[in-house]
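Structure, as structure tokens:
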Amino acid sequence: MSEVDNEIFQSFLEEADDLLNDVEIHSTALESSPDDMSHVDSIFRAVHSLKGNSSFFGFTEIQGFCHSFESFMGLIREKTIAISPNIVGFILEGADHLKAIFTRINNTGGEVGLQSAENDYLNSLNEKIDEYTEENRLDKLRLALLSFFARMEATGEMEGETSIREIYELINGIAPELIHDRRKSLKAGGSRWMRGELDVTREYVDLIMFCKSAEAGEEILNAYDSFTASINSLIQKHVEANDHEQLEILENLKEGFEIFYQEELGVDETIATIINEFLSEYEKGLKEVKPGEEKSTPAQVSNNGNSSEKFAPGLKTIKINESLLDKFIEHVGELITINELFNNLQRSFGNDINSEVALNFKNTNLAFHELSEQMRVSLYEIRKAPLERALSKLPRIVRDIARSKGKSIALKHSGGEIEVDKGLHGKIETMLVHCVRNSADHGLELAEERRANGKNPEGTISIDVTTDRNRVFISIADDGRGVDLSKTLRHAVERGFVSKESAQTLSEKEILDLLLTPGFSTAEEVTETSGRGVGMDVLSSSVHEMGGEMSLRNNPGKGLTIKVSLPLAHTARIKLGLTMRVGERSFLVPAERVRESFKAQTDEISMVEGKGEVVRRWGRIYPLVRLSELFDIPASNSKVSDSICLLVESKGNAVCLVVDEMLGQRQIVYKELTVQTKEPNAFDGVSILDARNMALILNIDGIIKQFQE
């Protein structure tokens, strides 16, 4: 497969994933709003697009599967099939099968056969279609006849064929309503399709009928002549009306038909898809005038015949390989590193260089810095995408768990429009799925238990996403039973996570933090959805890997809230930081972790049994962490009062780092460590300081854990 073909194929798979995601979203929405037919229309369109795209790539089995799926949705659309939870479940089952099929295509890169479960579903799908359409045979006959006569009229062959006219009159005499249904749209008493004062009903209906016949796989006699007669007549009307906007759509449609049409093959579904897409765009510029409604007035059409309300032009977009974008971001990081080297060079000049040269260098360096920063911000904006997609997958998960557990659960979420780095989306989605599953499976009670406790029998899971300038905040809350602290503590003691003695002294926060310990779980049994001993600790680790923090807020009997804070920017790994010196070594710390730096007075420093050295600050006591001792580095100052205290915080824990000197503020460009240190890791990475030196970037969470150990 050529590079271009492979790119098209990947776009096909990406679009299929988006379309199936739409099917899932609108299906779950349909269950709660069965009267909202817009959800049915959206599912129908998604499946129709899948069918057309699959046909283009020659995936005939998927095309057949989607054709039956589309027919089933068509019956729902026509209200032949009533919407119910079982029907919604059946639709979701079909979407799951299609997802499995496309996953196999993605893995193999080619045509895959249907597996037994998928064939069983397809058979069940066709049986349902037959069951509901048996009584609608007359409607099928009517559609075929209407399509046939529309084509005959469009080509003018109807007038010269006596036998056809006789058949026409015969059907009209036996069942006149079959003919009347089509004719009424062409008479003043029926609906008409208007473009201002331009009546395009006849030609537009003929093209629609042509498309329906093609989609149904019917053989179309004189297909080329029939189509071109209708499209040419329609084009001529718009030419005479000087309507260039609609004319362009029709000319592109005609060109597309002529490119793909082959007489020996006839009109296939690929051509039908092309026609349908162009007609959908064309219809946007029309107005349906129903019986009793007034026609469009001349004021609604401009002098050149175009609609006075122009369609807003679509945004111009381009698809970029994400890995190439990441590489570009790395280069921008290198530019920022070079800018910091220039800053060091500028400081080193001192009085040893001509003042005019120094000023020119300073101005050039400033311009270089501003340009680098603009590039960084622009690339970050490119990588941002709304969280709506991650949130949209949750209703299906809640629905399935609620049905399997016999619970009634409502899911509410807000903030889907908030944009974060696309590199975070997958991990955020995994985190949300884990939290929602845990709440639905373990947190929320059965309706009977909730009633007995005076609660609404329907449990609620609420997800709220907010943001400030630099971070995104995600709250996942349920109104269930909350965490049983005594049970959690008992499990911790029984499984050796804490001793009986230390268990007596743990605070509520420390007990909740046990849930974040690797392998810890309070689930009594393993279920399909949770309780496998890989729980909140995995979630906590994932949040930390994203540069975030997580905390739990418990309200026994009323629910649990999980609070997550994440940086908006992730992939670039460029942060504002502070440089410090310990002995002869320099270190960097992210500015977002630093509350303040200060010199402690002697009377503010003391020793506390079991905690070591501490410092009093703003009415609170903080442990002192001498980095010289932690890293075994000779310090310049032996006394804390002669040193600098740096108050840092991570995950709700705060300590004061003792350093010899603060060297200033700079941009930190993260580089991965090639050699990992012992866990918990005290370092997050390394960054270039100047032309000859590098500095380790402190991991505040890891330092606090090492100190506590």
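For all residues, glycine too, the Cβ spot is worked out from N, Cα and C.
Features of the protein shown, as given by TrEMBL:
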- 297-308: compositional bias 'Polar residues' (COMPBIAS)
- 1-105: domain 'HPt' (DOMAIN)
- 370-570: domain 'Histidine kinase' (DOMAIN)
- 574-709: domain 'CheW-like' (DOMAIN)
- 289-308: region 'Disordered' (REGION)
- [ ] Mind tallying the domain 'HPt' (1-105) by DSSP state, helix then strand then coil?
- [x] 89 helix, 0 strand, 16 coil
Open item on the list: Treating G and I as helix alongside H, and B as strand alongside E, what does DSSP give for the domain 'CheW-like' (574-709) in helix, strand and coil?
Closed with: 22 helix, 72 strand, 42 coil
- [ ] Please give the average pLDDT for the domain 'CheW-like' (574-709) in this predicted model.
- [x] 85
